[in-house]
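Each remark here refers to the structure printed beneath this line.
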Amino acid sequence: MVVEHVEHSESLMEKIKEKIHGDNSSDSDNDNKKEKPHSSSSSSSPSPSTVKSAINRLFGRQKPVHKVFGGGKPADVFLWRNKKISAGVLGGATAIWVLFELLEYHLLTLVCHCLILVLALSFLWSNAATFVNKSPPQIPNLCLPEKQVVEVASALSKEINCAISVLRDVASGRDVKTFLFVS
């Protein structure tokens, strides 16, 4: 029973090796064979570089995995060539997943809590700066022109009034088609 299992696994491994090394029957290989006539010596024994490239490339790919992923830093992170950055990305993605999926935290809540934290830290920094003779944080003044603010407010109020008018028409029965479509 054990001998049959060992023989079966060896024959399976040999079949896999033959598929990877011997039989590269992709369309591009067939095209190359049609274009280039081979001599009798080259067809019987492939060159070592061809064998090595076939070994290193999974599923008969033409390009390395790094090039398939676009090369550069994103491919390095995805292929774990820079382990610190890849671990940081994985840890950050895991933390976000835990926050939003497991703890059922919401994005708006997270943004509000972060803004409250920044506000509290800047308050503490500005108050502690007087005790330790440091300069308080420089918060830039934001000046909005009054004319632009009034224009935005009036345009927004017109849109809100138009939406309320449509809702009133639907609710009072003047626009039966929209009422039936909504309900």
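Along the chain as shown, the residues are counted starting at 1.
Cβ coordinates come from backbone N, Cα and C, glycine included.
Just so you know, TrEMBL annotations are computer predictions that nobody has curated.
According to TrEMBL, the compositional bias 'Basic and acidic residues' annotation covers 1-38.
If you look up TrEMBL, you'll see 1-51 marked as region 'Disordered'.
As annotated by TrEMBL, compositional bias 'Low complexity' applies to 39-49.
Helix, strand and coil counts from DSSP across the domain 'Reticulon' (74-183) read 84 helix, 0 strand, 26 coil. TrEMBL lists 74-183 with the feature domain 'Reticulon'.
Annotated transmembrane segment per TrEMBL: 85-100 (among others), in sequence order.
Using a Cβ-Cβ cut-off under 8 Å and counting only residues 6 or more beyond its ends in the same chain, the transmembrane segment (106-125) has close neighbours at 99-100, 136-137, 139. Summarising the annotation, TrEMBL assigns transmembrane segment to 106-125 (among others).
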Notebook entry, point to check: Which bits of the chain, at least 6 residues beyond where the transmembrane segment (85-100) starts or stops, bring a Cβ under 8 A of a Cβ in it?
Noted result: 76-78, 106-107, 110
